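Report on the structure given below.
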């Protein structure tokens with residue numbers, strides 16, 4: 001492991017690879033306990049999470065629903081609830097995957113909020129967008145979508161006295177692959193420190209189908225490039241990112257991309273600048 005790999009892995013609290021099935025189950029139990037502790041410390045009984053159709057939100061939701069199930073069983077209190085939220089922008093091209101995720105999760109409640117009216121209304125009122133190129137406008141509005149989704153989740157959480165769950169994990173964090181104050185905003189991040197293949201392994205341990213576990217990850221924020229794979233945006237694969245974070249050798253080009261992107265996106269992982 002090179003020094004910079006160790007530095008980044010420590011900064012992101014990267015967890016070691018699962019040695020075996022027992023280690024995986026122990027990690028699942030630890031993260032479920034973490035979720036339960038967050039609710040207890042906040043003196044709240046509701047969790048809210050947006051479901052995209054990808055493996056990250058699927059895995060976080062499976063952990064959340066298990067935590068809620070355990071809390072209900074331990075307390076005999078039916079007030080403990082997990083709310084899964086669908087947040088489409090009009091019609092999502094992979095809606096069938098989102099619905100398949102909901103079937104696997106079996107959430108206590110499912111809410112749907114179409115963010116398109118809010119996103120379009122805001123974009124129509126921002127003069128600066130009228131002068132931008134189509135690609136710039138598409139990128140900026142893509143981030144508006146992510147932030148609107150988080151506003152919707154916090155609105156539900158506020159109405160139901162709940163906490164909002166985030167889906168960030170180490171393989172996304174190192175690349176800064178989240179929208180600042182959008183999907184990067186949450187009250188708790190139960191996947192933090194995991195690499196992508198660990199997220200997939202946890203989903204698989206819950207019995208999630210391989211079609212969802214191995215689905216090609218995509219942020220799907222930009223209209224001009226719908227369904228664009230994350231790896232096309234990164235310039236490296238998740239396999240390379242995972243290897244880097246676990247201190248394994250990676251191709252020099254991939255190494256350089258990961259380090260440069262980590263440094264460039266450092267502001268996303270920190271509190272706002274202050275004097």
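Each Cβ is built from the backbone N, Cα and C atoms, and glycine gets one as well.
Annotated ATP-binding residues in Swiss-Prot are 50, 51, 52, 53, 54, 55, 56, 57, 167, 218, and among 130, 196, 264 the one listed with them is 196.
Considering other CB atoms within 10 Å as the measure, the emptiest surroundings among the binding-site residues 52, 167, 218 are those of 218. A Cα-Cα distance of 13 Å separates residue 172 (Mg(2+) binding site) from residue 54 (ATP binding site). Put simply, residue 52 (ATP binding site) is 22 Å from residue 268 (deamido-NAD(+) binding site) when counted between their Cα atoms.
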